[in-house]
Amino acid sequence: MSAPGNDPSASFGLVIEPAGQLLTLWVTTFVVANVFAGFWLVKAFINALPSIAYRLSKVSSAIKLHMPKGSSGSHSSSRSSSSSSLPVQSLDSLGRASEDIKKHRQQMQPVVFEWRNMGCTVHTASGSRAILQGVWGCARPRQLHGLLGPSGAGKSTLLDLLTMRLHNENCTGQLHINGCPITQQQLANSSVYVPQFDSLVPVMTARESVEFAAAVRLPRGTTRDEAAARVDLVLQLMGLAEQQHMLVGGPLPGGLVLPGMSGSERKQLHIACGVVAGASLVFLDEPTTGLDSCSALSIMLFLKGMATQQGATLLASVHQPRAVIWSQLDQVTLLASGRLMYTGPTEELVPWFNSLGYPYNPEVQGTTPDWALDLVSLGFDKAAQPLPHLQQQQQQTRKDSLQESLQESLQESLQQLPAVPRKLSKGSAGGLSHGKGSHGFATAVLASAGAAAGPLDALDGDQGLQDSCSLYGSCSSGSFSTIPALSIAGEQLPLMTTKEQLEDAAAAFKQHLHKQHPGLFVPAAVTGKDVLAAAPGAGMEKGAAAAVAVPTAGASSWAKYKALLWREVLVMTRNPLDVGGRMLVFTYLGLLWGLVCFDLPGDASGIYARTMVAYVTVAFYLLMPYVSMSLFSADKGLFAEDVAGRLYHPLQYYAAKLSLSLPFNGALAIAFQLIFYGMAGMRHGAGVMVQSTVISLLSGLIGMQAVYCCAVLASSQDLAFVLAIAWTCPNMFVTSFMQPFQNYRLGWGISWMRYISPAGFAWQALMQLELGGRAFDCSKGAGLRALGLVEDLVPDTGSLRLLKQGLSRLGPTCIASGDAVIAMNMTPLPYAASIFILLGYFVLLLGLTYWGIWRISKRKH
């Protein structure tokens with residue numbers, strides 16, 4: 001349009017504003033972003049490279065030695081150098097811890113945990129299949145109970161049922177503690193579940209990992225000194241005192257691999273995190289799988305000591321235990337094809353199968369657990385093993401070799417186990433001891449391997465608990481009715497080769513169990529829906545709540561939130577590809593985009609360029625979160641393992657994650673926005689710049705949250721990418737930049753899609769801020785580019801030539817209205833309405849993400 005006079009824009013209430021790059025804005029933002037990213041990158045690489053950290057600690061120590069006394073730096077210590085003073089600190093902490101454990105042992109309620117008639121059926125394409133049926137058992141205080149069976153025996157299913165992590169209407173059974181039915185909340189408060197696969201964070205140290213577990217597991221009211229003493233003791237007993245300041249290590253999201261602990265050390269640390277709270281009842285899923293023989297024995301000795309010294313009840317599934325580990329088990333439950341083959345003391349497993357006509361010869365069939373697993377395994381040909389064909393010398397050689405191997409393995413394992421400091425020696429049989437030439441805790445455990453400690457003092461006078469123990473025998477010895485052993489007769493050692501033989505053996509043991517302990521068998525099984533997923537108090541008999549003293553609940557919600565927030569800080573700041581890496585990516589992409597659209601024209605020829613810049617900016621916020629997909633997927637896996645162990649509530653985890661991720665993701669969006677905004681020379685004015693930054697901030701948070709939501713909802717990372725693309729593409733397509741809504745051929749058949757596109761609302765808001773109420777000088781000619789046309793592609797003939805000439809000679813009184821461009825492309829919205837709509841989308845995505853996290857926790861529970 002044109003207007004007479006010297007100031008054509010004044011006649012229309014429009015202002016031709018100054019244009020050009022905002023040098024101070026983008027340079028300042030660029031420098032600050034680089035300093036921020038560089039600080040965290042250096043810190044992350046120092047943590048990732050222990051050799052560099054060690055040299056820096058040496059330099060720091062040398063500087064401190066030359067500092068004058070009383071200086072502020074003389075009392076500071078770094079994480080890397082703190083290990084030099086560990087022995088003195090550990091002695092004091094271990095001394096306090098031993099007293100704390102004595103007090104805890106006196107307060108710990110002995111738990112007799114029973115499971116009755118456990119069963120589970122699944123529906124398959126070929127029909128229903130029972131994966132577990134008719135399983136009974138009992139785990140007692142001061143005993144280590146092993147759960148054995150070949151592959152497909154139902155060990156994992158049984159462990160899921162016992163920990164109430166499996167909720168299925170086709171699952172049946174009853175769970176009791178001290179003779180009374182137990183609810184899920186009561187079981188959670190009195191027990192700890194240690195899953196097979198660890199949820200250790202690669203960028204955390206061993207001590208930090210145990211400290212986090214203590215923060216979320218230890219009961220309310222635990223002081224910092226008590227928690228530190230407990231952490232010190234567990235690290236010492238697990239043999240991790242020297243490695244406590246070592247990073248866990250392992251692959252990070254993005255492909256970077258941190259050096260750290262070995263596989264056996266990770267397993268030991270995983271166990272330490274699980275048992276740091278010293279719960280009365282501990283479930284462990286294959287704690288020795290993947291370990292060498294020495295490390296496996298070390299862990300089993302620790303668990304045995306935890307049972308005998310603290311009075312805990314431990315139940316662990318063990319895969320193919322060797323002889324020395326078998327000797328640490330007090331009780332064993334043997335499963336095969338979902339049937340209960342045996343439950344009771346380990347020393348009476350052989351006599352029981354002998355009584356069924358399955359003799360055992362260690363000279364031929366190896367150790368007891370090997371023979372038992374071979375005996376009940378089906379699915380492959382098992383030829384009978386003839387005795388007469390073996391020469392006497394070969395038999396004796398195998399026997400001597402087995403004994404020597406056992407003795408050498410035991411001595412080697414004991415020599416590698418950590419010694420408990422003398423300060424713990426109390427000279428009592430029930431406490432920790434460390435005499436000259438001994439290996440302290442391990443020696444005390446081995447001395448009690450043959451038989452458990454005497455009855456718990458807490459059992460005296462508690463007739464109900466004594467009765468519960470008597471169902472399977474004494475709580476101390478676990479005695480079973482004596483079963484006469486059969487001598488080996490004939491020339492062959494038979495094994496179970498058919499399903500009928502296995503079912504007959506299972507039926508025989510069930511009949512024997514019914515005869516010996518009729519109180520275990522109730523008239524009718526209660527469904528898993530009634531017991532395994534019972535509401536608090538459901539199924540409890542009158543007076544049962546008083547009989548089952550529920551231990552103090554774990555840490556408070558606030559304490560768990562703080563612990564999770566602390567862990568989140570470590571995870572983000574120590575991963576070079578997270579805080580520092582992502583900030584650099586956003587910073588330099590903002591610089592690149594600023595160079596592409598550097599110093600946009602301030603006249604009418606730059607109108608189309610500004611609309612394009614706004615659109616690409618919004619698209620950038622939709623696409624960039626894809627670089628964080630691996631971080632989101634890895635974090636989901638960590639959360640899944642944590643909730644499997646019931647460490648915290650999903651809301652606590654989500655609140656801690658949002659508390660840190662939202663400010664950081666916002667900083668990324670702001671850094672990109674201010675750098676390109678200043679370089680491109682977008683609309684001047686502090687108010688407009690702030691308003692535009694708020695829109696970009698919301699766009700960045702929406703894009704990041706949408707990708708995070710897809711990662712949580714999808715079952716795999718590949719599917720998460722599919723879901724994210726299915727959300728991103730419509731957002732980019734359905735904007736009036738591509739096609740004004742009024743020009744849609746199908747009208748409301750498709751134009752309604754603009755309401756589901758937050759990107760469309762964000763672009764509209766940026767356009768109104770950039771062009772609204774603004775005039776653009778077209779006195780020098782607007783050119784075809786102002787109309788979004790490529791000038792060279794317009795034919796230079798006839799009327800088109802006149803059009804090109806006219807647009808290039810509009811006269812000194814010509815101005816272009818930004819409001820007219822807005823009206824042509826969209827229906828204007830108030831700024832507050834745009835903010836409200838974008839906030840609504842963001843809140844909706846927050847809710848969907850939490851729903852996905854909640855679903856994961858329910859599946860794992």
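Placed from the backbone N, Cα and C atoms, the Cβ positions cover glycine too.
What TrEMBL annotates here:
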COMPBIAS  71-90  compositional bias 'Low complexity'
COMPBIAS  403-414  compositional bias 'Low complexity'
DOMAIN    113-362  domain 'ABC transporter'
REGION    69-90  region 'Disordered'
REGION    389-414  region 'Disordered'
TRANSMEM  22-42  transmembrane segment
TRANSMEM  579-600  transmembrane segment
TRANSMEM  612-634  transmembrane segment
TRANSMEM  654-676  transmembrane segment
TRANSMEM  688-714  transmembrane segment
TRANSMEM  720-739  transmembrane segment
TRANSMEM  831-853  transmembrane segment
Any chance the transmembrane segment (720-739) and the transmembrane segment (612-634) have 3 or more Cβ pairs under 8 A, given the pairs are 6 or more apart in sequence? yes
Under an 8 Å Cβ to Cβ limit, what residues of the same chain, 6 or more beyond the ends of the transmembrane segment (654-676), are close to it? 25-26, 29-30, 33, 36, 561, 564-565, 567-569, 572, 579, 582-583, 586-587, 589-591, 593-594, 597, 613, 617, 620-621, 635, 692-693, 696-697, 699-701, 704, 846, 849-850, 853
Which residues, given as numbers and ranges, are at least 6 beyond the ends of the transmembrane segment (579-600) yet have a Cβ under 8 Å from it? 19-21, 26, 30, 33-34, 36-41, 44, 254, 572-573, 606, 609-610, 613, 616-617, 620, 624, 627-628, 664, 667-669, 671-676, 678-682
Where else in the chain does the transmembrane segment (612-634) make close Cβ contacts, counting only residues six or more beyond its ends and a cut-off under 8 Å? 252-254, 577-578, 582, 585-586, 589, 593, 597, 600, 669, 672-673, 676, 680, 682, 696, 699-700, 702-704, 706-708, 711-712, 717, 720-721, 724, 728, 731-732, 735, 737, 759, 762-763, 766-767, 770
Quick one: average pLDDT across the domain 'ABC transporter' (113-362), no decimals. 87
